[in-house]
Amino acid sequence: MDSFNTSWEGGFILMGFSDWPQLGHVLFIFISVFYFLTIFGNSTIITVSRMDRRLQTPMYFFLNNLSFLDLCYTTSTVPQLLVNISGTDKTISYAGCMTQFFTVLLLGGTECVLLVVMAFDRYAAVCHPLLYTSIMHPLLCQALAISSWVGGLVISVTQTVLIMTIPLCGHHLNHFFCDMLVLLKLACEDTGAIEDNLFVAGIIMLACPVALILGTYAHIGHAVLKIKSMAGRRKALGTCGSHLVVVFLFYGSAMYTYLQPVHGFSESEGKFVALFYTIVTPMLNPLIYTLRNKDVKGALWKVLGRGTDTG
């Protein structure tokens with residue numbers, strides 16, 4: 001079979017969930033509702049954090065970055081998916097596919113680094129409370145946020161260039177967006193060496209950050225045990241616990257998907273796992289960070305005009 005560039009110039013056909021046509025209407029409603037909640041929840045966090053001075057701290061600065069990432073990450077795939085489910089045009093151009101692939105990797109890679117940065121912020125707050133404002137200086141916070149984006153950009157550029165060098169046979173992608181593992185399954189040549197490189201990249205992107213985060217939280221846990229006040233312990237565990245839940249949701253689904261051999265990857269199963277980390281997790285993040293956070297809830301009531309400024 002000829003490679004993609006000579007066999008079909010129109011682009012790719014995203015099969016999406018066409019294997020389950022009976023789920024079309026249910027998925028469209030489900031995804032639309034979750035997408036709306038994602039936009040609303042993350043936009044609310046960004047708006048409230050900017051309007052209330054009490055939330056203009058390093059922790060909420062990084063949370064704003066996470067919310068912005070989730071907004072962009074979901075928007076990079078969900079509108080295309082909704083069009084795919086509701087219409088007959090399931091095509092995406094080669095340029096569009098590579099752009100989507102690049103964008104998803106950029107945002108996902110940035111979030112990998114940002115979650116490590118947020119763990120460091122919690123470490124500074126819990127383990128060195130008296131020096132926290134000195135350590136987490138605004139200039140350092142900005143530098144760490146920029147470093148997260150640069151890290152995601154490096155990962156995205158290298159992986160996109162690597163994928164674009166592979167000759168592809170066929171144009172049917174059994175997914176709802178241009179995902180790395182599905183593209184590799186269309187390769188016309190042996191991809192063993194490339195898969196090895198991608199596995200190493202996956203270790204760097206996923207396993208190493210998780211190890212750093214868990215190591216950081218081991219130090220945090222040791223510091224929390226030294227806090228004599230139960231109120232102080234609950235406050236420390238509250239903010240740290242929210243971050244840990246986000247870490248497990250994000251890295252757990254990503255590691256399950258990408259740290260496995262391409263030949264062992266189930267496209268059908270992968271689509272539903274992808275729904276989780278592209279739609280469900282970004283929607284849950286605002287809830288995780290606000291449900292047990294009195295500062296955010298107080299600021300939200302204040303913005304809505306139903307609370308009083310106690311600060």
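Just so you know, glycine gets a Cβ as well, placed from its N, Cα and C.
What TrEMBL records for this protein:
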TRANSMEM  25-48  transmembrane segment
DOMAIN    41-289  domain 'G-protein coupled receptors family 1 profile'
TRANSMEM  60-81  transmembrane segment
TRANSMEM  101-120  transmembrane segment
TRANSMEM  140-166  transmembrane segment
TRANSMEM  199-225  transmembrane segment
TRANSMEM  237-259  transmembrane segment
TRANSMEM  271-291  transmembrane segment
Q.
Contact between the transmembrane segment (271-291) and the transmembrane segment (101-120) is defined here as three or more C-beta pairs under 8 Å separated by at least 6 residues; is that satisfied?
A. no
Q.
For the transmembrane segment (237-259), give me same-chain residues lying six or more residues beyond its boundaries with a C-beta closer than 8 angstroms to one of its C-beta atoms, as numbers and ranges.
A. 59, 66, 108, 111-112, 115, 118-119, 122, 125-126, 180-181, 198-199, 202-203, 205-207, 209-210, 213, 217, 220, 224, 265, 270, 273-274, 276-277, 281, 284-285, 288-289, 292-293
(Q) Are there residues at least six beyond either end of the transmembrane segment (60-81) with Cβ under 8 Å to its Cβ atoms? List them, or say none. (A) 14, 16, 31, 35, 38-39, 42-43, 45-46, 49-50, 92, 100, 103-104, 107-108, 110-111, 114-115, 117-118, 121, 141, 144-145, 148, 176-177, 246, 278-279, 281-283, 285-286, 289
Q: Restricting to the domain 'G-protein coupled receptors family 1 profile' (41-289), report the mean pLDDT as a whole number.
A: 86
